[in-house]
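**Q** Have a look at this one before I ask anything.
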């Protein structure tokens, strides 16, 4: 339980698109997008494993579309930047192994219904959404700024600003909080893969000059003299990506969401179409939580939605302000149930989730980035919530 009073520290991490687990996530979502572009009703559960010189694709897919899996895999790896055997992973030469089956008929009969509105949930489980007023995008400050650093690491590598970085990297930001509010950045950790010829001094200078200062100085939370900065603290990070660690789809679920602030139901997102409530339910929960905060009903909101496989209506819904709202949680929950239809078909329709948009979600967070495709980041329901709550 995060305290609401006194001084404490909270930390969140992010990784770059070259991190092996994120390579896997991007491949899984690339396969999903290729199929949705041809058949919006594709049922996709695509898992990826990447290791030295190899990618393995497995899962269950039912679709009228076609995906050239070796091409999809290699294009994804090329776009990330693994273009040399020296990195242990080269898009031109890596092996691609696939084992794809159709969706289980037993699962399909629980999802498919005579009328679309009665579409059942694709699985049981609980999903969480979270929002707070710590940043303009209504995300917790630690994960928001950690993602900003990771994105910057990739940006300066790809645009040529820094020529010694390689694709793999991680960032971490620790905030000091006082009475539940972020007041300053206490420490920053950055690890970036680099060329063998790069010196530690050059790496530290490049990270501070081109990554940390441009991102964190405008934040209002960063004073370099009062902040501990840790950069490549092993002294060497040449071996990275899938050569350094095996990567798997769905192993970065905390940095995909809220950086540990708020709960997580355990289900991963990448490689799954919208009939999987692990993904669509979590997106809807974020949409609800963000609209509650945007409405002014609470400065902090967490939403839990739970489903039973084959059943359209959720088995439970909880909306909590964690004691920050002027109205009871019961009132918030009732308002949410009045404004939002939480059956899977209606979630998919409201958020327009049958589009090939998921490649953009697979790195730097599924939430808190207000891209045109990210409908779950819209705050168009805020006024309706205020009306339903009668405030």
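Even glycines carry a Cβ here, placed using N, Cα and C.
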**Q** Looking at the candidate ranges 70-80, 81-91, 92-102, 103-113, report the one that Swiss-Prot labels region 'Flexible loop'.
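**A** Feature region 'Flexible loop' in Swiss-Prot: residues 103-113.
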**Q** Looking at Swiss-Prot, which one out of 60, 155, 313, 330 binds L-methionine in the same site as 103, 245, 276?
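**A** Of the residues offered, the record points to 60.
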**Q** Can you give me the average pLDDT across the region 'Flexible loop' (103-113), rounded to a whole number?
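**A** Value for the region 'Flexible loop' (103-113), mean pLDDT as a whole number: 67.
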**Q** Do you see any of the binding-site residues 47, 60, 103, 276 whose C-alpha is within 10 Å of residue 245 (ATP binding site), and which ones?
**A** none
**Q** So which one is it: of the binding-site residues 19, 236, 252, 276, which has the fewest other Cβ atoms within 10 Å?
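**A** 236, out of the binding-site residues 19, 236, 252, 276, has the fewest neighbouring Cβ atoms within 10 Å.
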**Q** Taking Cα atoms as reference points, which of the binding-site residues 47, 60, 103, 276 is nearest to residue 236 (ATP binding site)?
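**A** Result: the closest of the binding-site residues to residue 236 (ATP binding site) is 47.
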**Q** Where the distance is taken from Cα to Cα, which of the binding-site residues 19, 21, 47, 169, 252 turns out closest to residue 276 (L-methionine binding site)?
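**A** So, of the listed binding-site residues, the one sitting closest to residue 276 (L-methionine binding site) is 47.
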**Q** Taking the Cβ of each of the binding-site residues and counting other Cβ atoms inside 10 Å, which one has the highest number: 21, 60?
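**A** When each Cβ's neighbours within 10 Å are tallied, 21 tops the list.
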**Q** Other than its own, how many Cβ atoms are within 10 Å of the Cβ belonging to residue 169 (ATP binding site)?
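**A** I get 29 for this one.
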